[in-house]
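Listed in Swiss-Prot:
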BINDING   Asn7, Arg18, Gly191, Gly212, His213  3-amino-2-oxopropyl phosphate binding site
BINDING   Asp9, His10, Arg45, His50, Thr100  1-deoxy-D-xylulose 5-phosphate binding site
ACT_SITE  His43  active site, proton acceptor
ACT_SITE  Glu70  active site, proton acceptor
SITE      Glu151  site 'Transition state stabilizer'
ACT_SITE  His190  active site, proton donor
Amino acid sequence: MATLGVNIDHIANVRQARKTVEPDPVQFAFLAELGGADSITVHLREDRRHIQDRDLFLLKETIKTKLNLEMAATEEMLEIAKKILPDYVTLVPEKREEVTTEGGLDLKSNVQYLKKAVGNLQDSNIEVSAFIDPLGEQINYSKEIGFDFIELHTGKYAKLSGSDQYKELQRIIESTYLANDLGLVVNAGHGLNYNNVKKIASINNMNELNIGHSIVARALAIGLEKSVREMKSLITSN
């Protein structure tokens, strides 16, 4: 049965829109855990557009579940991760001009650098995941580089409908099975919401789904704890 990682970046987005102290994403992480979140996900971007360094340090000290740090594989971020020691790190591509992460890592073009970065984190007892598109080549490179996990990018699945969405779902399923055969743990995320999550959650051996925007959007109407509970129920009711 898949677990639920709640991404709280969008709480920090609201705070940073006014450069003030509220809403505090650390407080909302607590509410997400009350609602059933199995882990808390944050993306510390190089431009610090939402999550700040203080958020990371406080989350590490206060949350009761697990902390998943999304970050680019830069020297600065590697050093921060080794100071904070999150439960796991998810390496993601990052472009300053993007609104949100637009696609998976291109592992093929960065094999040697990523091997070094992954080994560096693992030497500090941090498990490492690669955020990748559901492609066999990327999964094989994930194994070669030495990642513990992969997170399959579900953004294309989320945007499609009908037979096109079904085809993308099959690609995600096949990617999950390939990764499992290689000994990789499989997570998934990006664009998942209350209408499309169940088919992804029902994939055999899907480990965790990382979801943020749809939960926070619904929380504006019904509150964060309840919105997390509803999503958790959809994931676990298969």
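In case you wondered, yes, glycine gets a Cβ from its N, Cα and C as well.
This view paints the features noted in Swiss-Prot onto the structure.
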residue: Asn7; record: 3-amino-2-oxopropyl phosphate binding site; Cβ contacts under 8 Å, 6 or more apart: Thr41, Val42, His43, Gly189, Asn210, Ile211, Gly212, His213, Ile215
residue: Asp9; record: 1-deoxy-D-xylulose 5-phosphate binding site; Cβ contacts under 8 Å, 6 or more apart: Pro25, Thr41, Val42, His43, His50, Ile51, Gly212
residue: His10; record: 1-deoxy-D-xylulose 5-phosphate binding site; Cβ contacts under 8 Å, 6 or more apart: His50, Gly212, His213, Val216, Ala217
residue: Arg18; record: 3-amino-2-oxopropyl phosphate binding site; Cβ contacts under 8 Å, 6 or more apart: none
residue: Arg45; record: 1-deoxy-D-xylulose 5-phosphate binding site; Cβ contacts under 8 Å, 6 or more apart: Ile51, Met71, Ala72, Glu94
residue: Glu151; record: site 'Transition state stabilizer'; Cβ contacts under 8 Å, 6 or more apart: Thr90, Ser129, Ala130, Phe131, Ile132, Val186, Asn187, Ala188, Gly189, Asn210
residue: Gly191; record: 3-amino-2-oxopropyl phosphate binding site; Cβ contacts under 8 Å, 6 or more apart: Thr154, Gly155, Tyr157, Ala158, Lys159
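Its Cβ taken as reference, His190 (active site, proton donor) is surrounded by 25 other Cβ atoms within 10 Å in the chains shown. Distance noted between the C-alpha atoms of Glu70 (active site, proton acceptor) and His190 (active site, proton donor) is 13 Å. For His50 (1-deoxy-D-xylulose 5-phosphate binding site), the Cβ neighbour count at a 10 Å cut-off comes to 21, with all displayed protein chains included. For the 3-amino-2-oxopropyl phosphate site listed in the record, the two most distant Cα atoms among Asn7, Arg18, Gly191, Gly212, His213 lie 26 Å apart. Put plainly, the recorded positions His43, His213 were compared by Cβ crowding within 10 Å, and the winner is His43. Following the DSSP three-state reduction, the secondary structure of His10 (1-deoxy-D-xylulose 5-phosphate binding site) is helix. Cβ contacts within 10 Å of Gly212 (3-amino-2-oxopropyl phosphate binding site), excluding its own Cβ and spanning all protein chains shown: 23.
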